[in-house]
Amino acid sequence: MKAESSSMAEWHASEGLRQRYALDEAKQGDASRKESVQDELTDTKDDPAAEAMGGSPSMVLGRTPDGRLFHVIDTPDMVTSIFRLDRPKAPLDILTLVLLLWQVCLFCVLPRKQAQVFFAVYFAFWRIMYNVGLGYVLTKQSRSRWIVRMLDSSGWLDACKNPRMHAWVQYHFKTKLGASSQRIAAAPIDFQAWILFRSVVDVILLNDVTAYAFFALSNIQGLGEHGVLLFVIRWLLGLLLLAFNAWVKLDAHRVVKDYAWYWGDCFFLCLQKLKFDGVYEVAPDPMYSIGYIGYYGLSLLTGSYAVLYVSLAAHASQLLFLVLFENPHMDRVYGERVPIAARVSERRPSDVPPATGVQRSREEIRTPQLAGAASAANGSYATSERGTAAVPSPPCTNVHDLHHRLFRNDNVVLSHIDLFRSSDFLLVLCLIYALSPLVLTRCGPRALLLFATIHAVAWRLFHSFGLGFALRWQSEERWIVHHFLKHYHFADGQAAVTESFSHWKTIYNTSLIMTYVSFALLAIRSYTSWTDNIYRLRYVLGVLLILVHMWSARSSYRVLGPFGWLYGDFFIDAYPKRLSYTGIYRFLNNPERSMGSAAFFGMALLSGSLTATVVAQLAHLSHWWFLGCVEGPHMRRLYGADVRQDSGVTKQLRQLCQSQWLRAAQPSIEELQGILQRAQGVVRQLLEQSRPRLERLADDTCALLQQKAEHVLTMHTGDSVQQIDQAKYRVTPVASPHTHEQRFHVGEPIIVQWMAAENHSRRDWIGLYAVNALDAHPDEHHGSLLVTRTTSRGKWLGVAEDEWEGHVHVGLTQSPLGTHGVSSVDTDTHQVSGVSVFQGSRLPWAAPGTYELRYHHDNTHYVLAKSERFTIYADSPEDPYSFDETFMILSKILRYALVEAPSTTSAAAHEYESADKADLTLWTQDQAQHIRDGIWSAFHVDFTKDVVIASANTTLLTRDILMARQLLSR
């Protein structure tokens with residue numbers, strides 16, 4: 001249901017079914033806000049509209065979604081209208097009584113076993129009718145007045161359209177309301193629809209509770225095996241719970257009356273002063289929590305586990321009704337609009353320097369800390385590395401900044417897991433190892449050996465290839481740093497580099513340790529008793545290989561230090577880097593190539609296992625790949641000619657190769673080297689080509705899934721389609737007021753003028769298509785008509801936009817055609833014209849390019865008209881490191897993305913007004929997504945919505961863009 005701004009100003013409530021209790025007068029805003037209503041609601045005593053309507057002060061006013069005020073007619077309660085014999089019965093009341101009497105007769109006639117099965121099924125039917133049926137219908141009514149529009153379209157309330165049903169409805173009103181029915185004709189259709197709806201609710205509710213009661217009675221047990229004392233206690237508690245449940249229901253109805261009991265706020269708003277006491281002071285959501293405690297009272301009385309299980313299921317379904325329908329409905333009708341991000345700065349006048357240059361901030365101009373030499377918050381001056389325009393310092397810290405500095409998508413239980421963060425990586429690792437004993441304790445020796453083998457191989461593959469590819473992409477395109485820049489907000493660029501390197505160090509060290517530990521466990525698990533004659537030699541060689549490996553690793557660390565050992569030169573540019581051929585590197589260029597796997601072969605010799613030997617060979621080959629394809633290219637890229645070609649050992653071997661007895665083998669060796677180099681090149685090329693193909697495959701898969709969710713192609717044949725006069729159809733984008741041509745900036749609303757035959761389908765729609773997508777999926781011809789064979793990816797509008805709910809055409813509102821703008825009818829040419837506006841989520845924010853509009857027939861993909869192709873573009877700065885240019889382009893994107901939603905009240909917007917003009921208030925996730933996509937289109941910097949929300953300031957976002965471009969420009 002669409003609530004008007006005036007209604008929102010008078011009403012503030014939140015989640016709950018048929019209960020509305022008071023908000024705190026100080027408006028301290030409890031986050032739960034369930035089943036609450038403002039204490040000081042507008043009463044007719046103080047409402048001038050009531051006096052203008054000439055009503056009595058005691059009468060209650062109602063307001064329809066379109067703003068119409070009316071006097072709410074008193075209605076009889078359910079017990080009075082249905083069960084009092086002296087009251088006339090409406091047709092639906094008679095149906096209710098017949099169904100209830102039928103249940104009584106069946107309970108008396110059916111054998112006990114059959115009664116148990118029947119009433120279990122019968123209760124499930126009515127419970128589904130309640131939770132699923134009413135939930136679905138009420139959701140549609142809450143969102144789009146579906147019930148009201150159905151009654152209006154069917155003519156049940158119009159004597160001219162449907163006289164028979166109109167007479168039946170009037171008879172129902174007269175019987176149900178008695179003398180008050182004389183005023184029903186003056187009541188709005190929303191109120192009349194509610195009166196009919198509550199009669200249907202009575203049928204469902206009474207049959208639901210009666211079926212449950214008979215199901216419980218059919219399962220009642222006697223004393224059983226527990227004795228008289230427990231039986232008496234069980235019955236006393238059960239009766240007490242039933243009595244308490246009855247009080248909850250009666251007291252709740254006393255407070256909220258029939259209006260909230262029958263979800264009247266789905267139809268209209270009732271303006272009256274309510275005092276929420278009694279049961280509403282006992283528990284939250286009383287109609288959902290303690291309001292169903294009678295289920296457990298009957299379970300105690302019957303002593304049946306079947307009744308208990310059915311009661312739990314029924315109560316759970318009612319809670320789902322609360323979560324899926326009632327809470328969203330209350331948010332729509334009563335919920336205060338709260339932004340997802342609001343950066344509100346408060347400053348003293350003395351803190352505000354004179355405005356200079358572009359009016360983007362009230363702070364003095366400073367130079368950005370893009371080089372990362374000093375913190376952006378220390379207020380010092382520095383010169384930009386690129387010599388660009390001066391950049392204002394970030395605004396002062398406020399609650400928004402403090403929150404996003406302390407909490408950055410931190411992992412809570414298992415939410416927001418990011419395996420690039422070492423803490424999350426270790427958490428997942430701990431969970432896996434904590435759960436593994438559940439499997440291992442039931443495994444035999446062979447299974448344990450298999451597990452140890454898989455365990456060792458998995459760690460080796462992860463260490464060499466998983467971390468290897470990550471390091472390779474980090475070297476080529478700063479992949480790891482880009483991940484942190486994309487997902488987290490940083491005060492300066494060096495903070496992003498430092499944090500990414502910090503997490504890398506922990507993950508790499510953990511992986512390195514686990515690689516050796518997992519292989520050692522495999523060697524122990526696969527150990528076999530030595531029975532050959534050379535076991536002493538194997539023992540000595542194995543220990544020597546392990547000691548050689550330890551000496552080699554220790555010697556390498558002494559030369560490399562922690563920076564080189566942990567591959568710091570892949571991350572940190574400012575750290576002094578130089579090649580030092582001392583220590584073990586005096587003799588070997590890369591000791592790991594020859595001795596990096598010695599420990600694995602040593603442990604394999606000690607175990608005497610073929611399995612361990614094979615895994616050791618795999619480890620050695622994997623590490624060779626890492627050194628050749630990851631570390632080697634990076635060293636050549638970073639140090640160039642400083643990389644030594646020949647080590648001391650290599651020089652001596654080369655001299656040995658000059659001897660005559662080895663010259664004969666030289667051609668074969670050179671040929672083998674050439675083959676290995678070519679094979680390495682082929683593997684490297686394959687890896688480079690596979691990555692973009694996998695990315696395209698993922699994009700195509702996402703596009704296909706989205707296409708399935710859109711319009712299904714409906715292939716009509718016959719004269720009804722072929723005889724359409726396409727000359728009467730036209731669709732044209734109106735030129736942009738900024739460029740004065742059909743050329744639109746990303747995010748700029750596109751006004752579309754369309755023309756159609758007067759008798760065209762109300763299900764016609766207009767799609768916005770990228771030309772490259774149309775070229776990739778050529779159109780299909782069906783007679784004289786084109787059929788679009790690609791998806792609009794959600795970029796479409798119905799010509800009668802208000803008649804659509806998602807992708808489903810409701811087709812009930814007979815309003816003038818057109819959505820935004822005025823439609824007109826040309827009686828001479830028998831054509832109708834209108835205006836539609838593509839804006840917000842209907843625009844391609846992340847994909848500027850050449851586009852085309854297509855007018856489609858009757859909810860199909862038949863093309864009746866096409867527009868001329870036009871351009872959607874995004875400005876880009878001439879100097880990619882200019883603050884002023886970036887700021888101006890970003891401001892344009894923000895202006896389009898932050899167009900205030902229709903439901904945003906001026907009072908809510910004023911509450912989050914900031915002293916800093918650069919501060920942003922984001923109301924929806926869509927706005928953050930549009931800003932993110934616009935930044936990608938204009939600057940080719942990839943952020944997530946979380947970064948946009950964390951910044952919430954034009955100056956900070958500009959800094960983030962410049963920082964990311966500089967860090968990733970390498």
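Note: Cβ is positioned from N, Cα and C throughout, glycine not excepted.
Pulled from Swiss-Prot:
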type     : residues : note
TOPO_DOM : 1-89     : topological domain 'Lumenal'
REGION   : 24-59    : region 'Disordered'
COMPBIAS : 24-48    : compositional bias 'Basic and acidic residues'
TRANSMEM : 90-110   : transmembrane segment
TRANSMEM : 117-137  : transmembrane segment
TOPO_DOM : 138-199  : topological domain 'Lumenal'
TRANSMEM : 200-220  : transmembrane segment
TRANSMEM : 228-248  : transmembrane segment
TOPO_DOM : 249-281  : topological domain 'Lumenal'
TRANSMEM : 282-302  : transmembrane segment
TRANSMEM : 305-325  : transmembrane segment
TOPO_DOM : 326-424  : topological domain 'Lumenal'
TRANSMEM : 425-445  : transmembrane segment
TRANSMEM : 447-467  : transmembrane segment
TOPO_DOM : 468-503  : topological domain 'Lumenal'
TRANSMEM : 504-524  : transmembrane segment
TRANSMEM : 534-553  : transmembrane segment
TOPO_DOM : 554-594  : topological domain 'Lumenal'
TRANSMEM : 595-615  : transmembrane segment
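Tertiary neighbourhood of the topological domain 'Lumenal' (468-503): same-chain residues 369-370, 372, 375-377, 394, 404, 408-409, 418, 420-422, 425, 567-568, 570-572, 574, 625-626, 629-631, 633-634, 637, 942-944, 946-947, 950-951, 956, 959-960, 963-964, 966-968, 970, selected by CB-CB distance under 8 Å and a gap of 6+ residues from either end.
Listed by sequence, the residues of this chain that lie at least six past the ends of the transmembrane segment (534-553) yet keep a Cβ under 8 A from its Cβ atoms are 584, 591-592, 595-599, 601-606, 608. When each of 90-110, 200-220, 447-467 is checked for Cβ pairs under 8 Å to the transmembrane segment (595-615), 447-467 comes out on top. Assigned with DSSP, the residues of the topological domain 'Lumenal' (249-281) fall into helix, strand and coil as follows: 20 helix, 3 strand, 10 coil. Within the chain carrying the transmembrane segment (200-220), a Cβ under 8 angstroms from the stretch's Cβ atoms is held by residues 78, 82, 92-93, 95-96, 99-100, 103-104, 106-107, 112, 115-116, 119-120, 122-123, 125-127, 129-130, 133-134, 262, 295, 298-299, 301-304, 306-307, 310, 314, all 6 or more beyond its ends. Per-residue pLDDT, averaged along the topological domain 'Lumenal' (554-594), amounts to 76 for this model. Residues of the same chain lying 6 or more positions beyond the ends of the transmembrane segment (447-467) and with a Cβ under 8 Å from any Cβ of it are 439-440, 507-508, 511-512, 514-515, 518-519, 521-522, 525-526, 611, 615, 618-619, 622-623, 625-626. Under DSSP, the residues of the topological domain 'Lumenal' (468-503) split into helix, strand and coil as follows: 30 helix, 0 strand, 6 coil. Secondary structure counts, DSSP: the topological domain 'Lumenal' (138-199) has 51 helix, 0 strand, 11 coil.
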